[in-house]
Amino acid sequence: MNERVYFFDTTLRDGEQTPGVNLNQEEKVEIALRLEQLGIDVIEAGFAAASPGDAAAVRAVANAVTKPLVVSLARANKGDIDAVINAFTGIENVGIHIFIATSPIHREKKLFMSKEEVIKKAVECVSYAAQYFKHVEFSCEDATRTELDFLREVAEHVIEAGATVLNFPDTVGYTTPEEYAQLFQYILEHTKGVENVRLSCHCHDDLGLAASNSIAAIKAGALQVEGCVNGIGERAGNVALEEVAALLETRKDYYQKETGINLTEIAKTSKLISRLTGVSVPPNKAVIGNNAFAHSSGIHQDGVIKDKTTYEILKPESVGFVETKLVLGKLSGRNALKKRYEELGYSITQEQLKEVFTKFKELADRKKEIFDEDIIALLETKTSEQTSTYTFKDLSLQVLANKDYRAFVHILKEDGSVIEGIAEGNGPIDAIYKGIDQGLNIKAELIDYKIKSISRGKDSIGEVFVKIKHEEALYQGRAIHVDIIFASASAYIDAINRVVSLQSSYASAEIKN
Ligand SMILES: CC(=O)SCCNC(=O)CCNC(=O)[C@H](O)C(C)(C)COP(=O)(O)OP(=O)(O)OC[C@H]1O[C@@H](n2cnc3c(N)ncnc32)[C@H](O)[C@@H]1OP(=O)(O)O
Ligand SMILES: CC(C)C(=O)C(=O)O
Ligand SMILES: [Mg+2]
């Protein structure tokens, strides 16, 4: 039978120590209820002595949740402990978390206490709190910079005084996986009474090792992991609990541990915490980042289409995300493009795919990300161009001394010849349209011109609609392109193609008659 690892969430306490984060009572309760859904075993709801508001929030959280145990942090002094006792008066399933720093740096430079004084304070406080709480967690702050034999000494004393959980925080993110594992092994092997308590790890990410250190501690025998969803917290943050949970699940074969975490709740919990704290999740963040299940290169996309396990070790739906994302862009291949068309309801032949893929790559060279609207537009453009007599080729513009424009427009005819039209106008579009008229020797009046962006972002595709009048009849034209000048010229030529096509159908009707 696999051992059970307990998840202690301190998003509402250490997480609130993230610079700029301040959660009010309602927000703490909302997050706590979600943490309960996530399957968190212990919720550290705050630091009762920090402010009357936090004491009230800690109480409100304890009243709101049913299953998880709720604790409040307290320094090793009677005042802080009394604040927790008062906050939890009359509530079941609560506990206290008392801490004092044990490292020489903190003893000498912050607390101004000797080893003996630290032990005395710790014992006094744990014994006092144990009269009120069945669950008393004790933390040796800055444990990873503490002499190992002193840690053992403190541990033995507080176990005797009534502590039920012993936590060895890597307060400043200083330790390494090997060293942290050795700390737990040492405590487990040498501490009297250790079999009566649960050992806990608490890692900060100052050197980017919070997850590696936490997992090393678990492997070495820690049965509780403390951290925050989204990895928020003081400085570089705490370990991201979702990473530890996902790792223990994905590599159950190796770690052989059970947890109470409902992985499918991770996405919702992460989003709520991000919204209420205002701390956004980086796109590349493991498990919860926007890109965590997005594949952008052709070879990966091809693999994932054939079988997701080629490039996914975790199913997005297993952590509450809807689906794998294939992000279309410059590095995508035909298989991903075809799949997206099919998902959007367009079935295309290999021949069509070949043609549209060339346009797709041209577009992708100009745009960072290709959206669904873009690829639909590509397909539609292709269809309308199939019947075109004239196609816009390129143009150049000159600004004249009087601020008018002169346009040199090149139009490709069906037979491959290029027609040039030159004209002046009071704006670039006016000059281009007059240039097209001149080149094609046609007299059309522009009745309407509209431009809108089809997709998202600064490099979005522009869609231009034009309406022209020719010999009393109205014709519409439409074109899309990332370059709006290109789209404007193409839309006008599209309308002219409709004039030409109607004229040629009249002509053939007359011949038949
Ligand atoms: C590693 C961690 O994350 S620890 C948790 C950190 N979280 C917080 O500090 C958030 C809440 N903190 C607060 O609101 C305030 O700091 C309070 C209300 C707790 C205390 O405020 P103040 O009384 O003004 O003290 P201040 O914060 O300036 O200094 C901390 C004092 O606690 C002492 N102290 C620090 N840790 C402990 C401890 N674990 N046990 C006993 N005393 C401690 C310090 O030595 C210092 O004492 P001093 O005033 O005699 O020099
Ligand atoms: C209060 C303790 C547990 C803490 O947050 C730390 O040492 O990082
Ligand atoms: Mg901490």
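Glycine residues also receive a Cβ, built from the backbone N, Cα and C atoms like all the rest.
TrEMBL labels come from automatic prediction, so no person has curated them.
What TrEMBL lists as domain 'Pyruvate carboxyltransferase' is 5-267. According to TrEMBL, the feature Mn(2+) binding site maps to Asp14, His202, His204, Asn238. The feature region 'Regulatory domain' is assigned by TrEMBL to 391-513.
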**Asked** Which binding-site residues of Asp14, His202, Asn238 contact ligand 2 in the sense of C-beta under 6 Å?
**Response** Asp14, His202
**Item:** Packing count at Asn238 (Mn(2+) binding site) (other Cβ atoms within 10 Å of its Cβ)
**Value:** 32
**Prompt:** If you skip the near sequence neighbours and keep only those at least six away, which residues in the chain come within under 8 angstroms of His202 (Mn(2+) binding site), Cβ to Cβ?
**Reply:** Thr10, Ser139, Asn167, Phe168, Pro169, Asp170, Thr171, Glu226, Gly227, Asn238
**Fill in**
Within the same chain, the residues at least 6 apart in sequence whose Cβ is under 8 angstroms from that of Asp14 (Mn(2+) binding site) are Glu44, Glu226, Cys228, Gly233, Glu234, Asn238
**Asked** So what pLDDT does the region 'Regulatory domain' (391-513) average out to?
**Response** 87
**Request:** Compute the mean position of the Cβ atoms of Asp14, His202, His204, Asn238, which form the recorded Mn(2+) site, and then list in sequence order the other residues of that chain whose Cβ is within 8 Å of it.
**Result:** Thr10, Pro169, Asp170, Thr171, Cys203, Ala210, Glu226, Gly227, Cys228, Gly233, Glu234, Gly237, Val239
**Request:** Might you list, by sequence position, any residue in that chain lying six or more from His204 (Mn(2+) binding site) with a Cβ less than 8 Å away from its Cβ?
**Result:** Pro169, Asp170, Thr171, Val172, Gly173, Ala210, Gly233, Glu234, Arg235, Ala236, Gly237, Asn238, Val239
**Request:** On the DSSP side of things, how many residues of the region 'Regulatory domain' (391-513) fall into helix, strand and coil, could you say?
**Result:** 42 helix, 53 strand, 28 coil
